[in-house]
Amino acid sequence: MVHLTPEEKTAVNALWGKVNVDAVGGEALGRLLVVYPWTQRFFESFGDLSSPDAVMGNPKVKAHGKKVLGAFSDGLAHLDNLKGTFSQLSELHCDKLHVDPENFRLLGNVLVCVLARNFGKEFTPQVQAAYQKVVAGVANALAHKYH
């Protein structure tokens, strides 16, 4: 559960309505893989991840980033039940994929940076603070099955 004020909810949803999920998803996942290269081990089947340009141009990275942001969108629609919303994904990432739950926090922070880059002055400190709460809540929900 994420505790947002009514103003924060409005700001989060207003900005999210302008997000190009395809582009932002691919950019966020790509930047995660570039900045934190050890996360690439979970994506060995994606082909060439040998350089930042290869990662950022990789169609499988872009497609999976879109999928990730689709799940994030679902979370935004269910902020009062994030653990329930992400229960199956948490189980998959914990039991089958064995993803370090810290990676969820890293991806959330990268997403905030990508949103700031894409929205500039529209991504005010207040909007950033609200998004930090959301990505922390999503990361916590995804890590739930690890506890």
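Each residue, glycine too, has its Cβ placed from N, Cα and C.
In Swiss-Prot this protein carries:
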- His64, His93: heme b binding site (BINDING)
- 3-147: domain 'Globin' (DOMAIN)
- Ser51: phosphoserine (MOD_RES)
Give me the Cα-Cα distance between His64 (heme b binding site) and Ser51 (phosphoserine), rounded to a whole Å. 18
Counted with DSSP (H/G/I as helix, E/B as strand, rest coil), the domain 'Globin' (3-147) has 120 helix, 0 strand, 25 coil
Restricted to the domain 'Globin' (3-147), the mean pLDDT of the model is 90
